[in-house]
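Here the structure is laid out as structure tokens; the discussion comes afterwards.
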Amino acid sequence: MTGMTLAAAIPPIPAPHIEYLQLSPMLAVFGAALVGILAEAFVPRRHRYATQIGIALAGLAASFGLILYLALDGYAGSKADLAAMGAVAVDGPSLFLQGVITLVAVVAVLQFAERRLEPRSSTGAPVDSFAPEGAAVPGSDAEKRAATSGHATTEVYPLTMFAVGGMLLFPAASDLLTMFVALEVFSLPLYLLCALARRRRLLSQEAAVKYFLLGAFSSAFFLFGLALVYGYAGSVQLGQIARVVEGQATVTPALANTTGNDALLLIGLAMLGVGLLFKVGAVPFHMWTPDVYQGAPTPVTGFMAAATKVAAFGALLRLLYVAFPGIAWDWRPVLWGVAILTMVAGAIIAVTQTDVKRLLAYSSVAHAGFILTGVIALDRAGLGAVLFYLAAYSFVTLGAFAVVTLVRDADGEATHLSRWAGLGRRSPLLAAVFALFLLAFAGIPLTSGFTGKFAVFQAAAGSGATALVIVGVLSSAVAAFFYIRVIVLMFFSDPRADGPTVAVPSALTGTAIALGAVVTVALGVAPEYFLHLANQASLFVR
Amino acid sequence: MSFPLLTVTAALPAVGAILTAALPAATDTRSRDRNKVVPLAFSLATLVLACVATARFTPGGPRFQLTEYHSWISQFGIGYSLGVDGIAVVLVLLTAVLVPFVMLASWHDADPVVDDRGTFERNRRTQGFFALILAVEAMVVISFEATDVFLFYVFFEAMLIPMYFLIGGFGDRTKGEDAKQRSYAAVKFLLYNLLGGLVMLAAVIGLYTRAHTFDLVSITTALQNGSLHFPPVVENALFLGFMFAFAVKAPLWPLHTWLPNAMGEATAGVAVLITAVVDKVGTYAMLRFCLNLFPEASKTFAPAILVLSVISILYGALLAVGQKDIKRLVAYASISHFGFIILGIFALTSQGQSGAALYMVNHGVSTAAWLLVAGFLMSRRGSRLIADYGGVQKVAPVLAGTFLVGGLAILSLPGLGPFVSEFLVLVGTFERYPALGIVATAGIVLAALYVLVLYQRTMTGPVKAGNEGVKDLKARELVVVAPLIAMLLVLGIYPKPIADIVNPSVNQTLSQVGRTDPAPHVVNAIGGGQ
């Protein structure tokens, strides 16, 4: 009897209304991932490589086209709205960052597909930079068999597509649960991809385990924070949280005991922050970056360094700008500290590095700090500046890691810096392009790095964070030192007799590097249009 | 739309640099010479354009002339705006004049190695050297022409890159430890200037948050009519940010230590490019930006900067006296001279600033003459040490004679260009700060010491062992030296044309700062006065 009355009291759960068009960019990528899995099962081994690349690129192209369509149709501006019952925001920042992520992913897939760098297998089949059989124990007979028979881990393409799908969802997620799901969807495939290096497999697996353990830990933080914030606000929807924070919302009776409890709010926000700051690689949550960047296959490192940063900063921006602007007085000082620590520590520790990939890892930490200065601005200028910085930075990063894949010796990539001595004499063009990327990292004018840095510092100064700008400028000077040290090494040192060779890449890596260089120069010399685009996009829907 | 003369003047060397770098690598001496004639032709064409710009400039006309404007990054109020006043147009001309001479003087400095068997080392090093010189020229010219603070900043920083490669990649010492010294000098140059530039970047951003534009003319107008006002603390901080970068570049004691390393390790031609061309951007920017944007702060800090510049004058000169290395001696002499230029700028009198503007020109020409001849001498023996030379005037009289004339210009002998400007600077300083003027005069005495002692040790006396075979100047070298000495004479005897171009701009700057000369006004005999 009581059961019946209860059942009558609960209103029927309505079927969710899903706006398929607005979600289509993500659906296209997830679709490509699923088709990729089917292809893995049904397509004969010798055709898989071409099929998988075709599916991946088609999915990304479709997704990018749909993003463009949505943006042009006004979803980046007047028609911006929440979709899927308020779980996903289709607005300017979402579409801008999704556009950047799909482009980054296209370039990354091109690099994943590169098969000209590694020596051919004994059967004469060209091989890529991934382990022939991920499940085989390193150094075992099974692995040798897989290597000699010329197998390839074509699963990387569907895995990448899942990661990209998660990344597209992450900055667009408009409630904390969706955000968490997106975080896991893009993190899990990345853990796997990190473990799949063809060379130095133990290092690669160690990196993957580290990344997984720390990543799982930070996910747990995020989840716990989510629960606490739910306790505070009675909702996981960002807009609703903001209304509760501002004291405009009615309280759910069931949560009357906890709603409005500031301790829940502050601890919850801190834990959400830990989860996101881990993903962007901010100090003191940066410990994983050097090991993972070094151990992962270099194309994956490039993809991760560029796309994860974009997605994670997108989510961080949405969280802070949409849900918690009301308590900016509480989180801003903390973020000040994190930004200063990140800039200073990233720049100073990078000075002592002797491995190119670790150097780029610490440089990415320092850049996370620079981007944070823009986040702290908490206004439209800051948002636009961060969006621009992310776009600029991701292409420089992709290009730089693509160059790293080309400098090789008998053991694979020669990443120790001493091996790069005199590279400028042997292959001036490659060294010049790498120098361009380093100058962009250093923020020298006429490169995209400078425009981005100027934009975020300008936004920070405009919001009164003068001290942050001064710390930023000084750590830029420290950072410039190590970038320039690499240039000195390449151009002014004598080449070593047993030095590495520069592999001649196929058009795939060539395209990646050329695109990186073109974007770097274009955003440095003529940034007007892109700054305009980023500014136009810089309005969150709530 | 009128012909964009200033853009073309800056773009021509840039195009030349790209073309030169893209030429096919030399396979023999003939194609190597072709690869050098192309950049030389571009630098001469730039000179022609700079002359046209100077001729079309109307002294006493509107403040900025030949102006061009295009929107560049409208979000930040950044425009591509060019324009020259008298000081800028003269410095553009100076740059355009000096670069061809630097190229001619460095004709063989970057030649590829021909090994024992006579095979020609096939590479692009030579053309890279000349392309980099053209790139520096393009960036220096556009820095002089920019009337947008951001545009200026971009090229002020970007010119470090080609300069860095010129210092680090080419030099007379190529092997082992010596090469390490050179790369150390290049890195020191870059880091000092980059740090200065980044501090300036913070100030540039600070300026924007107050003014919301980077256009120099709009900002100065707003400052004058009172619609824009910086609180004193902000103005002082911004001034120091800008001044720090310019004081590193100029360089001013105690930020000078990169210059002796850089000039010592670079080839003589590149050393001239550093001190006579690139560093002028620093002193020019003090006049252009520090004084115009922050007039009150300029007045506040003027005494402190004057004291530093007097220290520069004496310190540079004293260290020059004690040097064993010819190029380092010239570097310290330059530090002393930059002290004079900065003294003239911040004395805030019309004589002082006219003197400073003329000094930039004269210092460029006289240092080029002196150091390029010294470079010819050093290339003959492959040594930079003064102790390795002696009695050269007996075996190479023309070389010794031109070296003496260059040196006499450096020590401001009346009748040669630098005398006029040094005199004006000292008179201008004396008007307001007699004590500093008196102390600075001691710099002239020390200049006589280091110039004449250097001449005496290297040129006079018995021919020192190893110097018997020193050949006299060749035709190419005479082509470099003769016009430079002729210019020194013209600038010394009849400086009126240049002074006429510069003076009205100096007065405009001073009126912006709100300084009038102390009464009684001494009539400026050389420039024709007001």
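Glycine too: its Cβ is placed from the backbone N, Cα and C atoms.
Over in TrEMBL, the protein carries these features:
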type	residues	note
TRANSMEM	A:20-43	transmembrane segment
TRANSMEM	A:55-75	transmembrane segment
TRANSMEM	A:95-113	transmembrane segment
TRANSMEM	A:156-173	transmembrane segment
DOMAIN	A:173-477	domain 'NADH:quinone oxidoreductase/Mrp antiporter transmembrane'
TRANSMEM	A:179-197	transmembrane segment
TRANSMEM	A:209-233	transmembrane segment
TRANSMEM	A:263-288	transmembrane segment
TRANSMEM	A:333-352	transmembrane segment
TRANSMEM	A:384-407	transmembrane segment
TRANSMEM	A:428-447	transmembrane segment
TRANSMEM	A:467-492	transmembrane segment
TRANSMEM	A:504-526	transmembrane segment
**Prompt:** Are there 3 or more C-beta pairs under 8 Å linking the transmembrane segment (A:504-526) with the transmembrane segment (A:428-447), counting only pairs at least 6 apart in sequence?
**Reply:** yes
**Request:** For the transmembrane segment (A:20-43), could you work out the same-chain residues 6 or more beyond its ends whose Cβ comes under 8 Å from its Cβ atoms?
**Result:** 51-52, 55-56, 58-60, 62-64, 66-67, 70, 75, 81, 83-84, 88, 90, 98, 102, 154-155, 157-159, 161-162, 164-165, 168-169, 172
**Item:** the transmembrane segment (A:156-173) vs the transmembrane segment (A:55-75): 3 or more CB pairs under 8 Å
**Value:** yes
**Asked** Going through A:55-75, A:95-113, A:209-233 one by one, which has the most CB pairs that fall under 8 Å from the transmembrane segment (A:504-526)?
**Response** A:95-113
**Fill in**
Long-range CB partners for the transmembrane segment (A:95-113) (under 8 A, at least six residues beyond its ends), listed in sequence order, are 25-26, 29, 49, 53, 56-57, 60-61, 63-64, 67-68, 70-71, 75-76, 128-130, 156-157, 160, 164, 167-168, 171-172, 299-300, 302-303, 306-307, 310-311, 314, 387, 390-391, 394-395, 398, 401-402, 405, 508-509, 511-512, 515-516, 533-534, 537
